[in-house]
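Chemist: Copied straight from Swiss-Prot:
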{"type": "REGION", "residues": "224-251", "note": "region 'Disordered'"}
{"type": "TRANSMEM", "residues": "14-34", "note": "transmembrane segment"}
{"type": "TRANSMEM", "residues": "78-98", "note": "transmembrane segment"}
{"type": "TRANSMEM", "residues": "107-127", "note": "transmembrane segment"}
{"type": "TRANSMEM", "residues": "174-194", "note": "transmembrane segment"}
{"type": "TRANSMEM", "residues": "196-216", "note": "transmembrane segment"}
Amino acid sequence: MHISPDQLIFWEYGFVKLNGTIIYTWLLMLLLAVGSKTITKRLSRGEERSRWQNLLEVIIITIQKQISEVGLRQPRTYLPFLGTLFVFVAVANLFAVFPGYEPPTGSLSTTVALAICVFVAVPFYGIREQGLRRYLQSYLKPVPLLLPFNILGEFTRTLALAVRLFGNMMSGTMILAIMLIITPFIFPVVMGVLHLLIGGVQAYIFSILATVYIAAATSDNGENAGASDDEGGEDAKSACAAGGKICKHKP
C-alpha cells in the first residue's frame with residue numbers, strides 16, 4: 001500500500017511518468033462515461049417507467065432539492081457540474097475497497113485540479129447570473145476597502161478545498177497502512193469500513209462547499225426577494241381564483 005498514488009509508477013521515460021494518479025483517474029473517467037451512457041440508454045419519457053428509472057429519478061430529485069436548499073434557485077442549471085463533481089469524488093473514494101486500487105483523491109494534484117474546477121465555476125456562474133459588472137461589484141462589498149481580502153479569499157478557500165480532501169484521504173490511508181502492520185487481521189477491516197464512510201462524507205462535503213460558493217456568487221438578495229414576492233403574489237391570486245373567492249392583496 002502506497003501513501004499516495006503518485007508513488008505508484010506504471011511507466012517512465014525520461015521526465016515523463018505515468019503514475020497511479022493519472023492511470024486511475026483515466027480509468028475512473030472512462031468507467032463513469034461508459035456507465036452513464038449505459039444507465040441512461042433505455043430511459044423512457046412516457047408514463048410507464050422501470051424501477052431502475054424511478055430510482056434514478058429519486059436520486060436526481062434528491063440532489064436537486066439539496067442544491068436548492070443551499071440557495072440556488074434553478075438546480076437543474078448546476079446539476080451537471082455539481083453532480084459530476086460529487087459522483088467522481090465519491091466513486092474515487094469508495095473504490096478503495098478493491099485490492100490494488102489507490103484512490104486518486106489521495107494525491108494533492110487531483111484535489112488541486114478539482115478545487116481549480118470549482119474556482120473557475122464560481123465566477124462563470126456568477127457572471128452568467130448577474131452580469132460581469134454586478135459580479136465584480138460584489139468584491140467591493142461591504143466596503144471597497146475589503147477588495148484585496150475578498151480577492152484573497154477566493155484563492156484561500158480554493159486551497160482549503162484541495163487540502164481538506166487530500167488531508168482526509170491521505171490520513172485515512174496512512175492509518176489503515178499502520179493498522180495492517182500492527183494488527184493484520186480484524187482491526188484493518190473495521191478501519192477499511194470507516195475509511196469508506198469517510199470517503200463518502202468527504203465527497204458530500206466537497207460538493208456542498210462548491211454549491212455554497214456558487215450560491216454566494218450568484219445570489220442577489222434584493223432581486224431574489226422581489227422575485228419571491230412576485231411569485232408568492234401570483235400563487236395567492238391563482239389560489240383565490242380557483243376557490244372562487246375575492247382576495248385583497250396588500251402591497
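Quick reminder: no glycine exception, Cβ is built from N, Cα and C everywhere.
Because the structure is a prediction, the values reported are computed rather than measured.
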Chemist: What stretch, picked from 78-98, 107-127, 196-216, has the most CB pairs under 8 A with the transmembrane segment (14-34)?
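Modeler: Per the Cβ under 8 Å count, 78-98.
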Chemist: Are there residues at least 6 beyond the ends of the transmembrane segment (78-98) whose Cβ is under 8 Å from a Cβ of it, and what are they?
Modeler: 24-25, 28-29, 31-32, 60, 63-64, 67, 72, 104-105, 110, 114, 117-118, 121, 125, 165, 169, 192, 195-196, 198-200, 202-204, 206-207, 210-211, 214
